[in-house]
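Okay, so here's the structure we're looking at.
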Amino acid sequence: QETATPAPGGATPPAAQKKLSVGFSQVGAESAWRTAETKSIRGEAEKRGVDLKFADAQGKQASQIQALTSFIAQKVDVIVLAPVVETGWEVVLTQAKEAKIPVILVDRGIKVSDESLYTTLIASDFVEEGRMAAEWLAKQTNGKANIYELQGSTGAAPAIDRKKGFEEALQKFPDMKIVKSQSADFTRAKGKEVMEAFIKSDRDQIQAVYAHNDDMALGAIQALDEAGMNPGKTVTLISIDGVKGAFEAMVAGKLNATVECNPLLGPLVFDTINKVRAGESVPKFIKSQDQLFEQANAAQVISTREY
Amino acid sequence: MSTEPLLAAKGVEKRFPGVHALAGVNFEVRAGEVHALMGQNGAGKSTLIKILTGVYARDGGTITFEGRDFRPTSPGDAQRQGISTTYQELSLIPTLTVAENLCLGRAPRRWYGIDWRAMRRKAEETLATFDLRIDVTQPLGTLSAAVQQLVAIARAVQTEARVIILDEPTSSLDSHETELLLGIIGRLKARGLGIVFVTHFLDQVYRVSDRITVLRNGTFVGTYEASQLSRLELVSQMLGKVPEELEPALHEHPEHRGTPVITAQGLERRGFEAFDLTIHEGEVLGFAGLLGSGRTEAARLLFGADHARSGTVNGSVPKSPRQAIAQGMAFLPEDRKAEGIFPDLSVRENIAIVVQRKLGFTVSRAQQDALAQEFVTKLGIKTPHIEQPIRLLSGGNQQKVILARWLAYEPRLFILDEPTRGIDVGAKGEIERLIHQLSQKGLSVLFISAALEEVLRLSHRIAVFRDRKKVRELTRTTLPEVMEVIAGEEPPHAP
Amino acid sequence: MSFLRKHITVLAGLLAYLVLYAIAAARYDGFLSLPVFINFLSNNAVLGIVAVGMTFVILSGGIDLSVGAVMSFSSVLIGVLIMDHQWNVFAAVGASLVCGTTLGAVMGAIIHKTGIKPFIVTLAGMFFVRGLAFIIHLESIAIAAPQHTSIAIMRVGPLPVTAVLFLTFVAVAWYVAVLTPFGRNVYALGGGEEAAMLMGLPVQRTRIAVYAVSGFCASFAGAALTFYLSSGSHLEGVGMELDAIATVVIGGTLLAGGVGSVFGTLVGVLMLGLILTSITTYEGMMSSGLTRVAIGALLLSFVMLQKLLTRRIAGAGRAT
Amino acid sequence: MRHRNFWPLVALAALLVFNLIFTTGFARVEFRDGRLFGTLVDIFQNGAPVMLLAVGMTLVIALGGIDLSVGSVMALSGAVAALLMTEHGQSVPMGVLAALGVALIVGAINGALVSYASVQPIIVTLVTLVMGRGLAQALTQDQKIRFEIPAFEFIGNGTVLGLPFPVLLVAAVAVAVSVLLRRTATGLYIEAMGGNPQAARLCGLRVHVIRMLAFMACALCAGLAGLIAAADIKEADVANAGLYLELDAILAVVLGGTSLTGGRANLVGSLIGATFIQTLTIMLQMRGVITEHTLIIKAIVALTVCFMQTPSFERMVRRLRPAEGA
Ligand SMILES: Nc1ncnc2c1ncn2[C@@H]1O[C@H](COP(=O)(O)OP(=O)(O)OP(=O)(O)O)[C@@H](O)[C@H]1O
Ligand SMILES: Nc1ncnc2c1ncn2[C@@H]1O[C@H](COP(=O)(O)OP(=O)(O)OP(=O)(O)O)[C@@H](O)[C@H]1O
Ligand SMILES: [Mg+2]
Ligand SMILES: [Mg+2]
């Protein structure tokens, strides 16, 4: 059996002499955002002397289900799950429920018929993020803009929800329209490539760019720069996530705003675990603090950015 | 024998890019007749057969089978209608067992599916008629070319067909198996089947055939009663000219010994007894033996193609063909398709591949072109141009290309495993002459052939193999003597 | 030829599997238990069913890259039919099987009729089917229908329904491969296409059937997926074609075709499952990168061990 | 006989003509800030990594092998270069050389396992596909590495005489490989081995060495592609660099007419294939086609182009021609 680093004397969980054991099933390490999340949860576990069993699913749901099954077999106290997709969790979560192991979802919700299968969800609201982005953009452009959208991976929940929220909010602004919308797979390279294609076909009409994550926006900025188009000035860019690179771009005046989607969930997760184990009731959806940053306040926050 | 044709083709046309393979060919076979189809390499024999059996679609002409118009859509279709064929290039599945190759498509069945035990029994029985007693559950690909050929023949003759077509069935068989096959052909003929027989061995043609059709360059020359066509006439019809006289026994001085070129000592591998061998400059050494006696195996050991358990060649352990080639050896394998040709490469590249080592790292097209052109002319290789992929050449011409590949390299010892396999009379004579010339110039040749007369005619010395063991070396010998040694019917001797 | 010699790669694979399983059992608590093993069967059932179909394709000398997409498509289709159109579960599964089989057959027909290489046809098929799946439903879809759930939680003895399906597929496929003329024709086709044609075997029919079988298996795997996950998922199929090919090939089937067996595929599937599970969940490595390195290293050591054992046993076999 | 690149070229030309007429902005090429600028340039610039992969892949496929690990090698080489230049303060040439060195090592491992251990290429390179990216992730601790090193960025973004540097790099590599294929013995040997490995051994070719060479050349191309990809976005993105590009590369090679069974290399065809794929991608992006449809269009177009190279298409054309005349 694997054991984590020995517990430092510090904060002990209220419930037991025995070390708290937590199983954490992570999706993988496909983005900086996710690595930051993993780091935050691992760091917090170490700090609090929790025995954290970590399973990297390499992006496969089957692996996550196996990980959960083995956590249940190993009788962990709590399961933390960052689900790779929203569906398909009924069976394994029922097992967890039967074994009386509370399940805490992080960063994305799931669709199950029985809400009691998980204890709580700690995450940002993707739809809300999209909405915030749209409203800010409308304000910034006085409700009138040709928008080019860089979508995340086709079929991925954040991509779908961020698009949905954004479009919903745009309803109120008849002069704001999405001219083109293409998937750029959440990556910088693709973001640049797709932006280049947009520039070549619609160069002078591009007034605003909305990217589902910062990486794609950074790629787009590069494309705009190379085309001599002045990102941040003639073209307004807004993206989501709030990674360090985005703040640097804002300080440089190239990115206009980013909606933070905070991956540093560690403290919140373990606080919640403690509450659950102490028998306190917790809300079904704990929204992590999402905040919109603009160029104006970017410089102050940039030093505090960890990822 | 009836005179009504069973299968008749009239004015058949076939064009390939750059080649008019068949131009108005007529051919027919009657019930109870053996009809030989003759012609030089590339004359169009195999192409005609492939058209008769639905492999290729014809570009013109008519074919009737039992009086009705006949347009087979695939070999399977032709088979179902009663025409059973062995093709020139072995058409069996090397990865499947012998038994399955015999029974594929008509395996014995029971309620639960294929009856493997019955299949095995059936296969053993079928092969027994060819005096072949082998483990039928081994993959076919592990067996020698000759055995594979027998299996293919057995497959063709065991079906309920009315016409049986055999395209060069005897090319790698030795006399015993050939005898058996000719016997079987006789029995089939007596049962009233029509048999089409392609071979380059004139003896066999005259032994069994009733009529002979000759093709030349894709054109129809004529159909003759075998009894009314002399050998000389036949050959001149095929070549389109009166052939030069074949030299008789080439070697008047069998004791001829130059300095040793290759000396092998104690070469051995699992199940193959250690043997010594010395080949001298300018000498032709023949290997004789029955099917499976180990001639090919011995040659491969010498060449480093198979791993020897112990023993040396010219003082060093043979490690790889590369090393052997560096020592001046060349090797023409018996299985052309599996080990000889590079199917997609052009004739030029197939010829240049070995000698390129000598020509240097950078390729000069002009040099390769000249080389290829030279050998195409010298060996009479029939190809539209030297850039033709070799797989599109006829079997015999492929063989000549491989010969050219090694001749270009100018080796000191040329190991020829069945070099005349599938080669027409004219070319066979040329190859024999070539071997003779080479040996005169000081090149040594190791010559393996299923045709004993050929071995005898060419060799200064003959090594006889039996049961994967070298049993004797003979000089100044005669056919009966060699046959006795091969059969193992003479008392043991001191080497 | 002895049984040993004939089935040497599969036996060596099995042996190597046992060795690695033993090592894992010694290393992790509770690894050596029936429930854990059954978990292996059910967790890898979807991949396994796909791989069974892939075995036929590879045996015939072809390749099918569309399986992952077809599997996803079929699971999403079942989800849509059940959830959005209130179909009966069996009708939905039936419809997806018809679609999958047809897609496979069409690809087979294109391969045979046009002579385009299977790699390309099925790669195009993969793109096509994936696009189709997104069109019928953009997101993965949760399936919550009582009838469907009751099947999903069904067990036969200790075995969950997916594991039963997998084992059934292996058994049936073994029967088809070894005891039916179709199965033997597949081997012949892989051993030499031209020869098979010249021998008069039904090459066209066999080839189209092989891809239809693969499509059938893939869509059936999609159905199994819906029972396993209670959802139709776009994600699970991504990259599955490579996993399926890998399991078939490490099971001893030659990529060139003609040689191999369905049991080898079973061993291959179990092996891949063992490697992934032990590394990603039991070992609990802290770095995603090292996890991958370990997976690769284990896979390689399995293949090498299998080679070594094959050589050993083959040597021993010849001596006796 | 038509030239073997005839139909791939026709397909590419048709696609280009379609775009020049119907896709707005496609035809525009300007000269700005000392560089050419326009979609036609983008096709080559963005397509450079896939073109490089296709060039290397052509060698391996002609040899009768396949290399699935190229995408991972890209990630690895980008990561190594970025790490050395940022965290270890090495110079740009050092970073580049080390990255290419690592790529060569992966290629050598591939070749050695295929050749000396006779494991099937697809398995070997699948293992290196998994391990290569894993190693890159482990080296970078799952982080993206950003950098601002103009000298290095030149590899992805620089221009020489107005032409993008990656394009020149591809051209140089392609010329080198085509000389290797057509003007040296090694090229002949590679094709021979793909056609009939047994015969190649009997002809005294150093089969192991040649296999190693081909796999190493392929990995080297992948390493270069990885450098371009990283330099282009000023970031080594281990998780995404080169992801699934092996399939694009193989597709390009096959679209170009090289048979997957080996035996013949068609380098120009592979380049045409890669250009075709990139043109199609950019066209779909410019026209704002949604992903679902993109997938389906790609499928149909790829099939059509391959169909154009088959004998059955040739027969169809021949049958149609008299009809046209009438
Ligand atoms: N598929 C093909 N494509 C192009 N040319 C071909 C093809 N098949 C045969 N040919 C050519 O047609 C001619 C006749 O070949 P065929 O194989 O029928 O000769 P053959 O009489 O059987 O000769 P051999 O005695 O050498 O077997 C040859 O010139 C050959 O190169
Ligand atoms: N690698 C091998 N391992 C075991 N037995 C072998 C091997 N290679 C050949 N044999 C067997 O050795 C015997 C000798 O085969 P070989 O091919 O050398 O015979 P041959 O004299 O050339 O006859 P032919 O070519 O006419 O069949 C055959 O029975 C063959 O099955
Ligand atoms: Mg012939
Ligand atoms: Mg022999």
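Yeah, the Cβs are placed from backbone N, Cα and C, and that goes for glycine too.
Your range for transmembrane segment, going by TrEMBL and the list C:10-31, C:208-229, is C:208-229. Taking every listed stretch (C:34-58, C:65-83, C:118-138, C:208-229, C:249-277) in turn, the largest tally of C-beta pairs under 8 A with the transmembrane segment (C:158-177) is reached by C:34-58.
Between the transmembrane segment (C:65-83) and the stretches C:208-229, C:249-277, C:289-309, it is C:208-229 that has the most C-beta pairs under 8 angstroms. The recorded stretches the transmembrane segment (C:34-58) and the transmembrane segment (C:289-309) do not share 3+ CB pairs below 8 A when only pairs 6 or more apart in sequence are counted, and are therefore not in contact.
If you look at the transmembrane segment (C:249-277) against the transmembrane segment (C:208-229), you find fewer than three C-beta pairs under 8 angstroms, all six or more positions apart, and that falls short of contact.
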